[in-house]
Amino acid sequence: MEKSIESISSSTLNILDNKNYKKWDNETVCKWLLNNIKTIQKVSIEIFQANEIIGKDLEFLTDKILLKMGVGIRDILNFKFEYQILKNCYNNNNNNNHITINNFNYNFNNFKININKDLLKVVVNAPIININEYQYIETISKNKFCEIEKYKKSQTKVNEYIIIKKIIKNSTLNEEKLINEIDTIYLLDHPNLIKIIGYCKDKNYFYIGMKYYETFKFKQSNISKFGKNFEQVIRKISFKILSAIDYLHSLEPPIIHGNINAKNILLDNENNEPILIDFGLSYKSIDLLTNQKTQFISPCFITPEYFYKKTKNKISKEADIFSFGSTISNMIKGGTDFKEDEEGFEELKRTFAGVLTSRDKVSFDYRSLFTEINKDEPCFRPSSKELLKSFWFVEPPQPSFKTSEITTNLLIYYLKKYGCYIIRDGVAMVSLNFNENIYSTSSIIGSEFSHQPKINEKHKYFKEINQFYSKILSESFQAKIGWYLLNLNNEFKDKPYFKNIFLSFSTSDKLEINSVADLNLKLTIFFYNSITMSLIYQTIYQKPKSFKIVDYL
């Protein structure tokens, strides 16, 4: 058999000539390449045998390494299966030194491979468990695709429980994909994700063993025992679950959970940690041409894009985020099930609208967070990484100092980091970031102007403009920057010249108005973005102690 055809790149030669074996992680393979410069792009078992290269020496030869060694993408595609075969054969061989080649038949030009399938057993890290060592206790749940059962290890004095997920074998199940999925999840390393112990199979089922965790039911009776601290408890649970979701979404390729709800959050009593369960293993291993993967999505949290746009795909990062936000609200409400139809979807909307209006029960920061998560358009929902930075999750310890210690620099720091919420009657009207230009000019605005702003009282819409201003200030009007709250009603009352500025600009030719609807839109933008923020900046600069430390709830 021919041993060489093409040369490797000059950069690779430099590495090999310098014998920088640590960079390639394997001295044996590098020595072989030094002696056989032209053998990298087509190899055979005989070549590896002749150079005493065994299976474990091949484990580091990933696509990334091969690309660095000068192998082109086309060549990688042509022989990547051959490398996998060689690695699997050596790894599965007891001696790792002897292997037959009678069952291999190569055709590189046509990219055809005929091999003995017995040599291609998938090598996985997840161990094989003996189901006979465990005693069946009870069935926790079941559907037409799988069953979840509780088992106890036999012949032990201590009660050692595990969960067995039995996946039914059928014509649509791709067993190789399922085993790969098991191995992928077995290798996941996050304290808030369920741990796979191992697996086994028989002619009817795949058995997947997982650590047993207690179920914490988010019912109103359980939530109420925390009293006024219930939101903090749920926030801590939610943050840890979100970190697990972010871990899954950050993998390459990402893992989409697809089934986030309170029922899939368990409790590890040993570490008092929430555990996210039931991701993968339910839809990834099923043929994508079937609709079985959708059967595992909880009808509790149908996404708006699925309900309104009738999209067939319920599985996405954005859908996970929507379900996560819905799960938090569902926990706060004490747990509710919803039907997968129009009536159930409308009930879901009413329930979560109730969360947003329960101002005596949930914090403003959560209501603001949920509003962002609950966007109808998936592209407008925050990512898991963005959520982890939100104030509701990462708020610093509540300040222990007095209001007299609030300074301009402190408020500017929080403003730059978290932005400013303009709150009207308990509802966030707008969230604004720090604006250097407005801040630098706000300090000079005041009654000491040499002339008062000119107001055109004969303006066509002067009455409506004046009513707009009065209506806003007739309701509770606040600004929130981190932990600090400013009563805007009082500030506008103390600074009447801001009203004059508002009326002057609104009745000038600078604000082109074509209709009453157009008037309200432009007045709203101008009032919140310019007038209100100017007043806030001036207060930060001149009277920072006007801000008060607000309680969490």
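All residue numbers here begin at 1 and follow the chain in the order shown.
Each Cβ is built from the backbone N, Cα and C atoms, and glycine gets one as well.
Swiss-Prot annotations:
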BINDING   ILE140, SER141, LYS142, ASN143, LYS144, PHE145, CYS146, GLU147, ILE148, LYS165  ATP binding site
DOMAIN    24-90  domain 'SAM'
DOMAIN    134-393  domain 'Protein kinase'
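Reduced to three states, the DSSP call for ILE148 (ATP binding site) is strand. Look at the binding-site residues ILE140, CYS146, ILE148 and count other Cβ atoms within 10 Å of each Cβ; ILE140 has the fewest. Residue with the densest Cβ environment among the binding-site residues LYS142, LYS144: LYS142, by other Cβ atoms within 10 Å.
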